[in-house]
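K.L.:
Quick one: this structure, given as structure tokens, is what I'll be asking you about.
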Amino acid sequence: MWVAWSARTAALALLLGALHGAPTRGQEYDYYGWQAEPLHGRSYSKPPQCLDIPADLPLCHTVGYKRMRLPNLLEHESLAEVKQQASSWLPLLAKRCHSDTQVFLCSLFAPVCLDRPIYPCRSLCEAARAGCAPLMEAYGFPWPEMLHCHKFPLDNDLCIAVQFGHLPATAPPVTKICAQCEMEHSADGLMEQMCSSDFVVKMRIKEIKIDNGDRKLIGAQKKKKLLKAGPLKRKDTKKLVLHMKNGASCPCPQLDNLTGSFLVMGRKVEGQLLLTAVYRWDKKNKEMKFAVKFMFSYPCSLYYPFFYGAAEPH
């Protein structure tokens, strides 16, 4: 794994080295017929500066270069702001939905320190979006406006192109199990999921239906226990229907047998209840019992949830 990562780092370093001798931004992007979108007319109190990528910026600390430029390409002026916003993307990076996710995100959050900003190529954005957008959608998050790929230049020698997309993913391997069915086995892991879910319910499942590429979990009328109600209203719980986005064709071992009770978590998005995690209820599981008992005293992160989701206003 170390050899593969070294090769990747070397490839990125060669690319960035070549960019040092590049023409100015205005000359180059005029030539390619692309202009960076204005930063909303925002004026900055400080001139651009370069600084080391700190160890407590884990999204980008291992990206392959050591120094970054501020303000970055997302208009963050301070390192504190970068850390706050970047931390919410760590869960997506951990999912390994595309080999170039880190390169793409860090080209925006922690752009390499050169005399002019270097943007990601449109193809890099499109590759990352193709790999990661379906996973984000499964948790109720659309691909964000700030990452729309039309904002970035068509491929040329002076933007950051796809680096590692042709290489196999490194461990942990990409799983074919539905994202909502990947299980945490520790109490802390379960409580993190509970933190980032709008609601948590112990319930029985009457049946499962397939609808436009999604699974619909139809709850039994009785035997429901709201452990975390969140935005759920009486009409939601009376006939509980959970949508498992993009879950029609991927396996979910927990749902192979619908006997017994389930611990389910989810988010309410535009009136629809989206399933984010499902476990078979096991009263002998000490980690699960601990998580359910102490979920409200767990110190949930403020900024962790862009991907798994701080609940949106309802």
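Count begins at 1; order follows the chain as displayed.
Just so it is clear, glycine is given a Cβ too, placed from its N, Cα and C backbone atoms.
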K.L.:
Quick one: Swiss-Prot says Cys121 makes a disulfide with which of Cys97, Cys149, Cys159?
P.N.:
Cys159
K.L.:
Under Swiss-Prot's annotation, the disulfide partner of Cys300 is which of Cys178, Cys181, Cys195?
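P.N.:
Cross-referencing Swiss-Prot, the cysteine bonded to Cys300 turns out to be Cys195.
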K.L.:
Swiss-Prot pairs Cys252 with one of Cys181, Cys250 in a disulfide bond, so which one is it?
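P.N.:
In Swiss-Prot, Cys252 forms its disulfide bond with Cys181.
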K.L.:
Once the DSSP letters are reduced so that anything not helix or strand counts as coil, what is Cys181 (disulfide bond)?
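P.N.:
The three-state answer is helix.
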K.L.:
Just give me the nearest neighbour of Cys178 (disulfide bond) among the disulfide-bonded residues Cys60, Cys132, Cys159, Cys252, Cα to Cα.
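P.N.:
Among Cys60, Cys132, Cys159, Cys252, Cys252.
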K.L.:
Would you say which of the disulfide-bonded residues Cys97, Cys106, Cys132, Cys178, Cys250 has the most Cβ atoms within 10 Å of its own Cβ?
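P.N.:
Result of the Cβ crowding comparison: Cys106.
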K.L.:
For Cys181 (disulfide bond), what residues in its own chain, 6 or more apart in sequence, show a Cβ-Cβ distance under 8 Å?
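P.N.:
Set apart from Cys181 (disulfide bond) by at least 6 residues yet with Cβ under 8 Å, we have Cys250, Pro251, Cys252, Pro253, Gln254, Leu255, Val278.
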K.L.:
Give me the Cα-Cα distance between Cys149 (disulfide bond) and Cys121 (disulfide bond), rounded to a whole Å.
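P.N.:
Cα-Cα distance, Cys149 (disulfide bond) to Cys121 (disulfide bond): 9 Å.
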